[in-house]
Every structure is written in structure tokens, then in C-alpha cells.
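Student: Before I ask anything, here is the structure I am working with.
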Amino acid sequence: MAPQRGVPCLVLLVSGKRKSGKDFVAEALRSRLGEDVCAVLRLSGPLKEQYAQEHGLDFQRLLDASAYKEAYRRDMIRWGEEKRQADPGFFCRKVVEGVSQPIWLVSDTRRLSDIQWFREAYGAMTQTVRVVASEQSRQQRGWEFTPGVDDAESECGLDNFGAFDWVLENHGDERRLEEQLENLVAFVQSRRPCRVPGAADVWSPTPAEGPADA
């Protein structure tokens with residue numbers, strides 16, 4: 001079950017391969033919508049925090065793109081899978097605790113179970129956003145195939161998901177990406193105001209779907 005406090009009016013579930021630019025897209029959206037309106041949530045945050053606590057590691061160093069994090073990546077994936085198998089919503093519940101902004105942007109949606117949890121909790125408020133980039137573009141950003149990482153569920157869990165509500169192409173054409181971001185921001189801003197009991201006026205989604213190739 002979803003927490004009762006901090007009910008969102010819109011949840012954007014962002015996914016994409018390593019070095020596809022999903023974190024860049026998430027921050028770009030937040031900067032356009034405003035930090036008082038849009039919260040970026042990272043499922044890897046509570047995962048890394050819990051992993052660090054149980055293994056006596058430096059949580060802050062696991063958050064950045066460092067060799068320290070890479071040294072533990074495979075084991076974190078294994079450990080995270082064990083946690084999810086026991087409780088598929090474990091990290092989802094933790095990441096939404098205490099969030100007050102009306103728009104939630106989950107920047108590292110990786111598995112079907114993640115999408116299922118948010119859809120079951122928040123229904124039509126959820127929109128799936130897929131960031132795609134060519135292998136060449138990803139390689140230019142520093143990606144190289146790593147066995148046990150790039151062929152694991154954390155990278156491949158949504159390969160056969162089907163129709164995402166939004167697909168953002170990030171192959172290196174800045175103008176094209178900007179156009180797509182503008183379309184998505186316009187969709188978010190088009191939501192009508194709503195009243196959440198005990199909270200300020202925020203946005204609420206209408207029963208409209210974003211274009212699959214926006």
C-alpha cells in the first residue's frame with residue numbers, strides 16, 4: 001500500500017539504459033517545472049543506503065559515479081534482487097516517504113515490478129517515460145558493456161515492456177531533445193488544478209495519455 005501522506009497528482013516513471021541520459025532528463029524536467037512542484041526520486045537511493053548500512057560502507061560515495069560505487073555494483077544488484085524477491089515494493093515504499101511536491105519523477109525505474117507498484121498505488125496518475133540512446137551515443141558518454149551488469153534485470157527488466165506513454169530520443173541532438181522535453185513539460189502543465197485534502201492546491205492528471213513518440 002502507498003503511504004497516506006504526500007499523495008501526488010502525477011507520477012512520471014523514467015527508465016533507460018546506462019548512459020542513456022535518464023538522470024539528465026530528470027534534472028532537466030525538474031528545472032523546468034520547479035523544485036517546489038517536482039521532486040526527483042531515485043529508487044537506488046534507499047537501496048544504496050540500506051546496502052551501505054548492512055555492509056559497513058560509505059553511503060555518500062555509493063551515490064556518485066565513482067570507481068568506489070562500481071566496485072560494489074554487481075553485489076548491490078544481487079543484494080537488491082534478493083530484497084525485491086522477498087518484498088517487491090520494499091524500495092518503492094521507502095523512496096516516497098515524506099515527499100510533499102505534487103509531481104513525482106522517479107528517475108531510475110528499472111523493473112516491471114516498479115511500474116506495477118506505482119500503478120497499483122497511484123493508478124491513472126502514473127505515466128511511463130522511456131529515454132533511449134544509440135549504443136554509439138552511450139559509448140561516447142563512457143558506457144561499455146559489463147557482464148553481470150548490462151545483461152542483468154536492472155538493465156534489461158523493461159526491454160520488452162511494450163508501449164511507454166512517452167519515448168524521449170537522446171542520441172546527441174540537443175535541439176531534438178529540447179523539443180521532446182518541451183512537449184512533456186507542456187503535458188504536465190496542462191493538468192488541471194486539484195485539491196488534496198489537508199494540502200495546498202496542486203495538479204491532478206486528467207484521463208489523457210501522452211503520445212508514445214513524443
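Positions of Cβ are set from backbone N, Cα and C atoms, glycine also.
Note that TrEMBL annotation is computational and uncurated.
Pulled from TrEMBL, these are the listed features:
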- Lys17, Arg18, Lys19, Ser20, Gly21, Lys22, Asp23, Arg141, His171, Gln180: ATP binding site (BINDING)
- Asn170: substrate binding site (BINDING)
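Locate each feature and note its surroundings.
Tutor: Counted within 10 Å of its Cβ, the other Cβ atoms near Asp23 (ATP binding site) come to 17, all protein chains included.
The C-beta environment of Asn170 (substrate binding site), restricted to residues of the same chain at least 6 apart in sequence and closer than 8 Å, consists of Gly16, Ser20, Gly21, Phe24, Val25, Val131, Val132, Ala133, Ser137, Leu177.
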Student: What residues, ordered by sequence, lie under 8 A Cβ-to-Cβ from His171 (ATP binding site) and sit at least six positions away in the same chain?
Tutor: Val132, Ala133, Ser134, Ser137
Student: Cβ neighbours within 10 Å, counted over all protein chains: which one of the binding-site residues Lys17, Lys19, Gly21 has the most?
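Tutor: Most Cβ neighbours within 10 Å: Gly21.
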Student: Give the maximum pairwise CA distance in Å, whole number, for the residues Lys17, Arg18, Lys19, Ser20, Gly21, Lys22, Asp23, Arg141, His171, Gln180 listed as binding ATP.
Tutor: 20
